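Peer 1: What follows is a structure written as structure tokens; I'll ask about it next.
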Ligand SMILES: Cc1cc2nc3c(=O)[nH]c(=O)nc-3n(C[C@H](O)[C@H](O)[C@H](O)COP(=O)(O)O)c2cc1C
Ligand SMILES: CCCCC(=O)C(=O)O
């Protein structure tokens, strides 16, 4: 695997090489291409957001209100984008956001994503709602770094079992998603009456779980399938959880824990007080609270509240290297990218995901170098002005 900036030379000299010929290097163009490749239902599920989709749009618009101010003559010949977050070294401050039900995008789903991510060294965060069981995805990803994202079910024994399996399968950090104990009002899915889970997609981690199987009277077969799906519906999320419940997770997971979906600085402070190791500033790509603050607009106050005490990560709306640079300058240690790699998967399977990751990494490195920066830690508010 060549260094990110070499990818640009490789493209000029050899074309897109092992990435898909014809897949654009401007990742904002992938969505329209994916629409032509996917069923209306699958595309609506992935591209869609909550309500009027105002927050999804706001996520993108927020990046336009910040501009990078490049600095000159600073010897940027040697660049090193590597960082360590929650104990995981990575070649660039970019992770693959947890995205469930990936087999609606490509039959190889999370397996292809894990292979592509492992090839770049960027960590993959596997969703509880993945279409393949976490052990299969771990095997596909080999030595690649991996974290596990928990949707915290009502049944505590099931939660513990999921955590035990994740630890055994080599997932080193835990991401607990707080903003989606139930799905929001999502008109595209409502209008098409589409929910992947009710078609049996995204339930692999549950159906393969011994605690889940015990609750539904044994392994899931055609006979108890409907009962198993109803058990999933009843158990998937728990709206009664409070900050006090985090002690339970601390007890059952000895590695680092990050809370995903934090948007208010007081919640970030509570995460520190609860002994968490990180927060992910995110509004779930605009998929949960329509009208919520743009994720980038929520970032500075959270970063300020947390200081250097725990890691601050960011997602929702990152599409370019410049977007990633702006989020880092506003206080994030690393960014998660969501829909772009999902579209890469839809358009080209493993090669499509690899293409997206390499483009994003190369564009971030070039943007930073041309702005006079050689390391992610150099990105701060001095690098930006309000646009
Ligand atoms: C199709 C789809 C499925 C998702 N599934 C999950 C999930 O299972 N768990 C989770 O924590 N977040 C999930 N997310 C949210 C992402 O992790 C991330 O927060 C969001 O996609 C970031 O915004 P972006 O798509 O604008 O980059 C999903 C997002 C999409 C688009
Ligand atoms: C049940 C929710 C899992 C997928 C998800 O998080 C999303 O669609 O945003």
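For all residues, glycine too, the Cβ spot is worked out from N, Cα and C.
In TrEMBL, annotation is done automatically, which means it is predicted and not curated.
On a predicted model such as this, the values are computed, not experimentally measured, just so you know.
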Peer 1: Can you pick which of 82, 127, 131, 208 TrEMBL lists for the same FMN site as 98, 99, 100, 149, 177, 282, 315, 316, 317, 318, 319, 338, 339?
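Peer 2: As annotated by TrEMBL, 98, 99, 100, 149, 177, 282, 315, 316, 317, 318, 319, 338, 339 share the FMN site with 127, chosen from 82, 127, 131, 208.
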Peer 1: Looking at the glyoxylate binding annotation from TrEMBL, with 151, 186, 260, 284, 287 already listed, which candidate in 12, 45 is the matching residue?
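Peer 2: The one candidate that TrEMBL places in that glyoxylate site: 45.
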Peer 1: Do you know which of the binding-site residues 100, 186, 287 end up with C-beta under 6 Å from ligand 2?
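Peer 2: Among the binding-site residues listed, those whose Cβ sits under 6 Å from ligand 2 are 100, 287.
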Peer 1: Does anything in the same chain, at least 6 positions from residue 338 (FMN binding site), have a Cβ under 8 Å from its Cβ, and if so what?
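Peer 2: Once residues fewer than 6 apart are set aside, residue 338 (FMN binding site) is near 97, 99, 285, 315, 316, 318.
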Peer 1: Three states by DSSP: which one describes residue 284 (active site, proton acceptor)?
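Peer 2: Once the DSSP labels are grouped into three classes, residue 284 (active site, proton acceptor) ends up as helix.
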Peer 1: In DSSP terms, helix, strand or coil for residue 260 (glyoxylate binding site)?
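Peer 2: DSSP call for residue 260 (glyoxylate binding site): strand.
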Peer 1: With respect to ligand 1, which members of the binding-site residues 149, 186, 282, 316 satisfy a Cβ distance under 6 angstroms to one of its atoms?
Peer 2: 149, 282, 316
Peer 1: C-alpha of residue 149 (FMN binding site) to C-alpha of residue 45 (glyoxylate binding site): distance in Å?
Peer 2: 20
